[in-house]
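In Swiss-Prot this protein carries:
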type	residues	note
REGION	1-114	region 'Disordered'
COMPBIAS	50-67	compositional bias 'Acidic residues'
REPEAT	393-432	repeat 'WD 1'
REPEAT	434-474	repeat 'WD 2'
REPEAT	514-556	repeat 'WD 3'
REPEAT	559-597	repeat 'WD 4'
REPEAT	600-639	repeat 'WD 5'
REPEAT	643-682	repeat 'WD 6'
REPEAT	698-728	repeat 'WD 7'
Amino acid sequence: MKRGSKRESGGPLTEEPEPLFSEENRSLQDGNPLDESDSEESQYSGLEDSGTDSSDDEEDHSSEEVQDPGKSPKEIIKVPHRTSKSQADSPADEEDQPNEIKEYENDSSDEEDIRNTVGNIPMEWYKDLPHIGYDLDGRKIFKPLRSKDQLEEFLDKMENPDYWRTVHDKKTGQDIKLTDEQVDLVERLQKGQFGDLNYDPYQPAIDFFTHETMIHPVTNRPADKRSFIPSLIEKEKVSKLVHAIKMGWIQPRKPRDDAPTYYDLWAKEDPNAILGRHKMHVPAPKLPLPGHEQSYNPPPEYLMSEEERLAWEQQDPEDRKLPFLPQRFNCLRAVPGYARFIHERFERCLDLYLCPRQRKMRVNVDPEDLIPKLPKPRDLQPFPTIQSMIYKGHKDLVRCISVSPSGQWLVSGSDDCSVRFWEVSTGRCMKSVVLEGAVKSISWNPNPVLVLVAACVDRSVVLINPGLGDRLLCSATDQHISGYQPPEEEVQQPVTWEEAEGSEYSSGLRLWIKHQKEVKQVTFHARGDYFAVVLPDNGNSQVLIHQLSRRRSQNPFRKNKGQVQKVLFHPTRPFFFVATQRYVRVYNLLKQELTKKLLTNCKWVSSIAVHPAGDNLICGSYDSKLAWFDMDLSTKPYKVLRHHKKALRAVSFHKSYPLFASGSDDASVIVCHGMVYNDLLQNPLIVPVKVLRGHAIHRDLGVLDVMFHPTQPWVFSSGADGTIRLFT
């Protein structure tokens, strides 16, 4: 213990005994007087000098210990060495003295401000008073004046760069500017971090008991004797419990009754009665929804005129169609309160408990029953399933094909400027005719008496006699063409008819029909005397009909609505189908009028085909849709098939079997079963049965044309890969 510590605290002197005759004590015995500043008052006054410190006394070895002659050697008086007033005031010694310690230098309180002498008291006590407390002398400490209005507060907020770090101290009533360390502390606390920047919460843990076997034990204290000797206190407790059980003072616990506190009131009720009550429940009919006449701004036709209003007022309330007069208001906030609200609520209550209710039996329909039951494809045979033959010979795209009425011969036109005739059964190319340009369309005359093929080449339509089959039919065809007698008066026609001569005639060419524009399509009438051509142009002469026997041409339309894509003759009736980009128009050629306009719901029609019965039509489009039209049913598609992934190029019906096919740029031919019934009340049955693949995609083109065999369930397809394929 340091010297002088007990002296400062005012306790008794308990220093170690020192020799009586030390140098300092010897000076007292010799009669040497003490220092003037060491008076008796300073020794035993019991007061501490605020100007001195115990630490100075410990470091200063000039302090003296005085032994009272009347005391024992253990009671030693410690007398600190003091300087005189004159010595303390001298400027020479002022530099040697330590600096005067400030009042709050060693103050460790961080909750109270140095300027706040009020203390740590609730400031709510002085909330309504002009002062915030009292100082040490008992005088009031008035609150600082805060005369800033909102404008000055706003200007201070805009101009003072330290406004964001200024806070109001409730204890002193002043604004305090936070230091950087305090701002950093606030930010860390807001983020949920520790206030001390140097504190590391993730210090490496020191596991005292490690996995390593220690040589010496952690604690080597011998076990207590009580750890292996039975406890006498527990023995006494057990004996008391045994005695109490024998005497019957302690009873065993009764088993808890698991019966539920709350029970079901209707547990024993007859279930049939419950079901009957539920079955008899008839829900109340719902209120009808308000109509346009109940709007605050109804349409003009719902507002009554003056005559209608007078007639409504004269009618009895039971005879009125509306129980109110429709009114119009400019805005919703101008609508007044509804005067008939309570009356309508009362009538609704009367209806709920007075009116009898009727039960409507609800029919539960299985959703799967609504789906039509389609037959299996194997029950719909025959239809083509496998690829039987490939006709090779063309060097470019095979754009069009056509089959003879007998089904023995096949003709194809290609971009290599050639027309080839094939034998269907053997795949042999019987004849090849080279023309001036690419063949866009080709059609075999459906009349079995005439052996004639029409092909579109650039701006011309050429009629070819292939000379295949019966020679009598071939010669009769030539006589039919050469026996033409021109009329006496020449009629101006939109085309020019020219006969082939020389080498062209020997190769099979018979007639040239030259047009003013490029020809896109040619198609024959069922009788074989008329054929129509399509000129893809925006003019009025997009469609022309030619008559072979009289060599006459005419434009059936004065004006074409839209760009014509395909045309087709009805197989039995005088109807003419004209397909534009989005519509299919049906014209009656005898009456010269528009009969129907079919809405395809497609972006661009590419091809059409008519059912042999003539009442149904299929339409293919470039947006991968195939639409089936039942013309007796509606002008909209009966069914739209989206089986192909790319644009459809051609569609075709079989003449005798219930089959139709479609060819697409995805190099596939899809064959579907399309049964049309004689019963007008029964819808057609459409079932996809087979996807035929074999063509290769060339220049983003796949199958370009599809044609059925006239008598067999076979289908021909021509593709961009230069081949013709037969599927049987």
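Heads up, the Cβ atoms here are built off N, Cα and C, so glycines get one too.
The shown structure was predicted, so the numbers you read here are calculated from the model rather than taken from an experiment.
A Cβ distance under 8 Å defines the sequence-distant neighbours of the repeat 'WD 4' (559-597), meaning residues of its chain 6+ beyond its ends; these are 521, 523-526, 530, 532, 534, 536, 538-540, 542-543, 603-610, 612-614, 617, 619, 629, 631, 635. The DSSP breakdown of the repeat 'WD 7' (698-728) into helical (H, G, I), extended (E, B) and coil residues amounts to 0 helix, 18 strand, 13 coil. Same-chain residues lying 6+ beyond the ends of the repeat 'WD 7' (698-728) with a Cβ under 8 Å from its Cβ atoms: 382-392, 394-407, 410, 412, 414, 422, 424, 427, 646, 649-657, 659, 661-669, 671, 692.
Mean pLDDT, taken over the repeat 'WD 4' (559-597), works out to 90 on the 0 to 100 scale.
Residues of the repeat 'WD 2' (434-474) grouped by DSSP class, helix first, strand second and coil last, total 4 helix, 17 strand, 20 coil.
Residue counts for the repeat 'WD 3' (514-556) under DSSP, split into helix (H, G, I), strand (E, B) and coil, are 0 helix, 18 strand, 25 coil.
Across the repeat 'WD 4' (559-597), DSSP classifies residues as 0 helix, 20 strand, 19 coil.
Using DSSP to sort the residues of the repeat 'WD 6' (643-682) gives these counts of helix, strand and coil: 0 helix, 20 strand, 20 coil.
Across the repeat 'WD 5' (600-639), the DSSP tally of helix, strand and coil residues reads 0 helix, 18 strand, 22 coil.
Shown for the repeat 'WD 1' (393-432): DSSP residue counts in helix, strand and coil, namely 0 helix, 22 strand, 18 coil.
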